[in-house]
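These features come from TrEMBL:
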- A:20-40: transmembrane segment (TRANSMEM)
- A:90-109: transmembrane segment (TRANSMEM)
- A:121-143: transmembrane segment (TRANSMEM)
- A:155-179: transmembrane segment (TRANSMEM)
- A:199-218: transmembrane segment (TRANSMEM)
- A:249-276: transmembrane segment (TRANSMEM)
- A:296-319: transmembrane segment (TRANSMEM)
- A:331-353: transmembrane segment (TRANSMEM)
Amino acid sequence: MNAVLFASDLPYWLQSIFRVLGGLVAVLLPAGTVVYLFLFKMLSFMQSRLGPMEAGPYGSMQLFAEVGKWLQKEDIVPANAQPEARIFKMAPLIVLASTFLLVVVVPFGPDALFTDFETGIFYALAVSSISVLGILIAGWASANKYSLLGGLRAAGQLVAYELPMVLAVIGVVIQAGTMNLQQIVVAQNTGSMFGWDGIGNPYVLTQFVAFIIFMISVQAELSQTPFDMPIAESELVSGYMTEYSGFRFLIFFIGEFATAGVFAMIASILFLGGWGVPFAWFGWTTIDSVDNWMNFAGPLILFAKMMALVFFIMWIRFSSPRLREDQLQRFAWKVLIPISLVNIMLTAVLKVAF
Amino acid sequence: MTMLGDRQQLAYIASQAADARVNVELETEGMTLNIGPQHPATHGTLRIIARLDGEQVVWAEPSAGYMHRGYEKLTEVRTFPQVTALVNRIDWLGSFANEVPFILAAEKLMGVEAPSRAQHIRTILFELSRIANVSLFLGDLGVQLGAITPVFFAFRDREYVLNLIEGATGGRFHPNFDRIGGLKDDLPAGFIDETRIVMKKLRTFCDQIEDLLFGNEIFQSRTRGIGVIPKDVALSYGLSGANLRASGVDWDLRRDQDIPMAWNKTDFKVITHPDGDSFARCWVRLQEVRESTKIVDQLLDTIPAGPVMAKVPKIIKVPEGEAWVSTENPLGEMGYYVVSQGDQGPFRVKIRSASFNNISIVPWLLKGVYVPDIITILASLYFILGDIDR
Amino acid sequence: MFPLSSTTDTPTEAPRDTVREAELARILEALGAGVVDSLLKPNDDMWIRVTAETWRATAEKLKALGYTYFGYVSAIDWLPSPFGKSEDDASGPSGERDSTIKQGYTGGDTRFQVIARLVQPFTTIGINIKVDVADDVMAVDSWSSVFAGANWHEREAHEMFGIGFNGHPDLRNMYLPTDFEGHPMRKDFPLLARIVKPWPGIVDVEPLPGDDEEEGEAS
Amino acid sequence: MAKPKVPGMFKGLGVTFATLLATAKNGADTVQYPHEKETPPIRARGVIALHEDNCTSCMLCARSCPDWCIYIEGHKELAPPRRAGGAPRKVNKLDRFDIDYALCMYCGICVEVCPFDALFWSPEYEYSEPRIADLLHDKAKLGEWMQTVPEAPELEAGAEKKGKK
């Protein structure tokens, strides 16, 4: 590491504060942008309307107004949920905690990262499943039949989609030869395709099948349409979120979109080269030779790539109807998993061959 | 059972006992799910009590009546013009179409026939209200199945149709424009040109919905083969409209009935589909909107000149008699059985609304489906609460 | 009060309706003695009235004759309303009102009649079937085993008129609360909305002071 | 030449994206209500306006109202004679003419039956109230709406010209 950046030389407590603030920014900023840009504006424009226009210029302050509204609302615990009120109240926090744990391993630049974790992607996939616990707890503790159905659906769905996601990632891991997210980024940006290193080697090209499977799994993991059966407003009336109000609902809401953002970041790290630009452009060879300014440009680049991916997630969300639970399971087990297994095999064979 | 022989009886008891053992082993505790009265899928206040085993429906029963307004009773204390204002609130999305059969029944009793210009304009407005009604169904269908965008398209384009209806009749939803013997007023200037433009927009809307929803593989996998209604069951439940035609019954009262309306002067296809499943019902409706826009276009070309009101007395007293008139409304066959005893108001009006029959098939149809399919089936049957409860 | 328009008061020769005549003959033959009375209005509709005993058999036979499309089942209370009709003052004295029962087409002997309609699919030839409901029995047979759609219609008629349907699988209330008393569609059931509010037809114009002449009702 | 079959999902994506571009280019189909307003059609049944001088409190409208939402009270008065030297006329003076818009179902029957042209439809629609009781409007308020009553619209070609009611 050639640059002293951010927290390296600061006392531990100051480092910790920076890290907490950085984590908050890294979770909330994408979530806010995603909600405003895509949920408010893109959705509205796709439906030939303007969306929120009153709060701030072009409604840009709308989100703050919404947050203020939610914070004012009463924190209701349904009568039947009273015996387990503590669990009921805890559930949204678990969901959000999973998001914060995810962002820990995301690298934003050569040195701008919270932790350089050797088995980063393994860890990320593991902690992302914690949100299932929160959702199950929410569904059960609400003492509401719709919530219970939603919670069970969510559990079944997330379990079914964890597997294709892991299998899709394995292709990348084989190709990069590491599970460290930072090194996956470096491997993509220093790589070359058939000797040409003009754009590095983003794995979206070589691992296209894995990329598609990963994105489908992300869509399901986030329960966005067409895989939003756990929420399903028109049948389960928001599923596990039915009984939540006020800031607990807000936490679910933030969790949903922050996770969308973080997963898009991980996808862009795995497949689009993450924070980096092809190192050959600036004559860098290793991560140590990367200039310091990448610590500032890197997050922006990552942010841009994340936005592009979220655009696709949201675009599909706004244009398709919802699958049925059994159809989704069939799709996961009979289509995605076999394809991803074949993909792993091919990747391994090619890796050995070249 | 009493007629069984000893050995048969023993075998029967043994099989029963075996079934019981298996059932006890496999049986999970069922759950009763109350869908509604306040639920987004019932667009109104219908309640469906469903007994579930896992996500599968063992038994389901709709419970109507949360919006019962007693229109049949109310008609007995109102005069004929007042009843007209009342009945267009039955199916509130296609309200003009509700007035027509009632007025036709009253005209039949009086022996009056509306002038041909009035018949033409009636038919145009009738088809416009069908378009307004069914286009909203197409958008709502998307919402029921989780696609949020079509409903905004539907509201956007239905607005143009409502503007036309408002411009001509003065009421967006409740025109109250029909009078015994004709219409309240003639069309305002510019209506014909405006309507032509709107009909073009509606055809574009149909294409958009077709691309957005009907062509979508997910939509097809959700609706195809779900909630199949065979032809004879449909007839014995008295299903009507698109629900009947989707079961392969080629029967449209617009074409097959000789009533003083202008449909027989136009050339249109009656859309049918052989499958009888949810997809067929939705598809038939989509195509019917297209056909309706064509009917309107044809009628706009051929509106005859003349008065819009026949000669009727100012205070209307309908002679004694009984009459039944039904028309092909947006939701299906809507009929009025009007009994008059020579007064200003009807003695008894039986309102045979389409949704009441259409929804009575639900307990039969919902057995063994999954919870998400309840929503699909209800959406594809397309009911309006006011039309069930009246 | 006013003469009707010229199109109606010239009694033209009733046009013959051979299709419906043939249909009615076919039906009368099939139903035999069950039919009490029948009426055919050319190019309009057919009515028959059957005896209560043959009510279910009528449905079966008509279904066999091709009337497979179920229209509706409902009932009529022929008692003139003691609360007046159309614009009358419902809260006014009811003694002056005519309370003689005036039956409709194909006559009838009882206050209540059940009426149903069946249609031949793919045509518009339908038939209205009436049956008398004796006051002491207040029930007829159920059609729900013949036409599945009759189930709900009979439930509605049951709660609205208090007419029983023998053999109906479950005659629960559809619309009304379970403990509701009375049958709203009967004519002697008051429509409260018209009774709690003063009737607006009274001309509420104070006469001039010292003006003896009584104005009465304007109309 | 048969076009290659595009999977339905992508067609749907195309529709939404085309709408996105069209909205960005041509603007939305919606109206930003308090800032811009749509003008209702001339015939729109917005609110009932009363021309008080024409009303003779004959009660026809109150009777024919399906909801009984019109309340009229009046008294008789002597008016100056039409011709000089004639006997003073007896006229009905309105004391109260209220319409309860919470009950009104906007059917327009009262406007039609009025024999003296005292009631009119106005397309005015901004008169909502936070409390339902405030929707009972009296004759002064109904008279104010007289200002907003438009002329009847031209009729479409082929219509029979008739004396306007």
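Cβ coordinates are placed from backbone N, Cα and C, and glycine is handled just like the others.
Here the listed stretches are A:90-109, A:121-143, A:249-276, A:296-319, A:331-353, and the one with the most C-beta pairs under 8 angstroms to the transmembrane segment (A:155-179) is A:331-353. Taking residue pairs at least 6 apart in sequence, the transmembrane segment (A:121-143) and the transmembrane segment (A:296-319) share fewer than three C-beta contacts under 8 angstroms.
The transmembrane segment (A:121-143) makes contact with the transmembrane segment (A:90-109): 3 or more of their CB pairs lie within 8 A, with pairs spaced 6 or more apart in sequence. When Cβ-Cβ distances below 8 Å are used as the criterion, the transmembrane segment (A:90-109) is approached by residues 23, 26-27, 115-117, 120-121, 123-124, 127-131, 133-135, 137-138, 141, 181-182, 185, 240, 244, 248-249, 251-252, 254-255, 258-259, 262-263, 265-266, 269, 274-275, 294-299, 302 of the same chain, each at least six residues removed from its ends.
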